[in-house]
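Straight from Swiss-Prot, the features:
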type	residues	note
REGION	1-26	region 'Disordered'
ZN_FING	26-55	zinc finger
REGION	59-131	region 'Disordered'
COMPBIAS	72-85	compositional bias 'Polar residues'
COMPBIAS	86-102	compositional bias 'Low complexity'
COMPBIAS	114-126	compositional bias 'Polar residues'
REGION	265-525	region 'Pseudokinase domain'
BINDING	Arg317, Asp366, Tyr367, His368, Pro369, Leu370, Ser371, Lys372, Thr373, Ser425, Lys426	ATP binding site
COILED	526-564	coiled coil
REGION	565-662	region 'Knob domain'
Amino acid sequence: MASAGKPTLDDSRRATGSPKMKARENAKDTLCRNVTIYGRCRYEDKGCAFNHDPHKVNTTYQSDSRRRLNVDSPSFTPSLLSSNGSSPTTASVTAKKAATISPKAANAAPFQPRNITSRSNTSTPSGRAETMTPDWSVAEVQEFVPQGFDTAHMASLQGNSNGGVPSTSPFDPFVTASNPLSAASAVGPVQANPFAHDTAAAAAALGGAFFAGQSGFQQPVQYHLYAPIGPHSQNTLGYQRNVHDLFLPNDFREELQKKAAATLQTLPNTQLPAQVDYFHSLVPLDLNHQKNATIFGFPSWVYKAQSSKDGNFYALRRLEGFRLTNEKAIRSVQAWKRVCNGSVVTVHDAFTSRSFQDSSLIFVTDYHPLSKTLAEQHLGAGNRFQGRHNTHIPEQVLWGYMTQIANGLKAIHSNGLAARILDPSKVLVTGKNRIRLNACAIMDVVQYDTQRSIAELQRQDLVNFGQLIVTLGANTPSVMHNPTKAMEHFTRAYSPQLKNSVFWLLNGLQKDQDRNIDIFITGISSQLMSTFDSALHLDDELTSDLSRELENGRLVRLVTKLNFVNERPEYEHDRQWSENGERYFLKMFRDYVFHQVDAQGDPVVDLGHVLSCLNKLDAGTDEKITLVSRDEQSCFVVSYKDIKKALESSFQALLKPTRRLH
């Protein structure tokens, strides 16, 4: 049995009876599998005995079938059955050569050109010398570049019908031979190449059929990665980071939190009415509890209140003891509702009320928490250190105030109205160098019967504007009692351009020339550009801060998915669903993140550990961790990538429609 299973050396050298050599004789009619799988054979020029032309294989099979069916066909050996590259004319010569073949010749077959048909008719042994000299050059073989398809490339794979040597094209892994015995199906259906960058060229090469003008596929955004958005004002090295690169700036965060706390502030055990019309939860905002009727002619108070209609917070300004004599006076507030400007506090409503046990006039405006007035900010109003000297206002800050006030006056005058009040105690500072005109609609109701034209009131606004700037520049509220001394101080402290602009405003009542807010804005256009540039820088800074808070709820989504899967009592009538398979080590991962204990058995409450684990889970890193069950009988060594895959698959299983049993 051993001798029969292992042939001797003499038997292996007998080519006539060896099935191995018989297979090699038929190799010229067999299409190389490398062409079918990869599109070309890398050993085609290094001794591969199989055929590398699909078109020729089909022709050979068809010719063989015709010869077998034709009784008049002569008896001769086809040239394609040659195994050594020579072209003998008789079957006896072929058998003789096959009988005397050496083992070295079997292992290293001579080169066979692709278009072997052109040399198959030679009947002399001199054909061996021709086959040893290749008729192609290395320059014809192009390196594979995964670009779009072209018709020449497809034609070269399908074969050349005129018998010439086909041009060598780059290998394309997306073109395969589906049937090696059929020339029509030698090349499979052309699919889209995802590595091609020019989809339009590919569509044009294929005739434009079934190609829509759409963009290429893009991977989804990884929400656990944050791209730094400019501007980048700090020159730091690549490995350096600071707190502001990761979180919201502390001062900005504290400011927003303080404003939120001030908005939600309540005053228990107050003597204020519980409800004023449709407002409730009143909180006084005045710092001075003394009655002052200098500005409006009536004592005024300011409150914060919440609306019962929309739940928003508003500021209520109450004029104490006001009696409405003309109903048209309060209707004049409707015109102020159309004024929508960033430098003017928006007016929403006005009504009379007896909730304060008197006749009061209530104005409803926007509420800006923690805002101050210009008098409190620069003139020391409401400050307990009244004797301390106020700081000098920089000229650039003063120009910023002027441009914002001019912006508000232009919006008011464009609607056919007049501000009528430009006092430091009625201009709010809602942010850093950010001001808004307040209490503008009150005088239209209080002094409704005063017969003054709108043009005259608008010119008076210019004069009040100039007096406000002089008061701020002199740092004292009583400066207008001595205008000459005030202007001398203003001239010494500020530039001639600012001084000339203020002089122009103070002369607004003169009728020698036309004076309006548009002419004034044209005169300070250079400063408007500076203020506009500062606003653009602030917008960039806020956008950069906002980008750090992008997708800040991703960890909450992870914890939510974990809680959906863990400890689920039943799913599809399976009470052990959350305890089997990949859901089991999700439960162990939950214990690893939240239920760790130290060496003494005390709970470990470490927010940094929780955030680190959840961030790694969100990223799906390859870091491996050891998960141990509660009874210490099971232990898993898994990566965060595996845990993320298990979490997603378990969560997607919950989203599938349930199968109902009937």
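Counting starts with 1 at the first residue shown.
From the backbone N, Cα and C atoms, a Cβ is placed for every residue, glycine too.
Arg317 (ATP binding site) falls within a strand when secondary structure is assigned with DSSP.
In the structure as shown, the Cβ atom of Ser371 (ATP binding site) sits within 10 Å of 21 other Cβ atoms. Across the region 'Knob domain' (565-662), the DSSP tally of helix, strand and coil residues reads 46 helix, 14 strand, 38 coil. Applying an 8 A CB threshold to same-chain residues 6+ apart, the list for Lys426 (ATP binding site) reads Ile295, Thr373, Leu437, Asn438, Ala439. All protein chains included, Arg317 (ATP binding site) registers 21 other Cβ atoms within 10 Å of its own Cβ.
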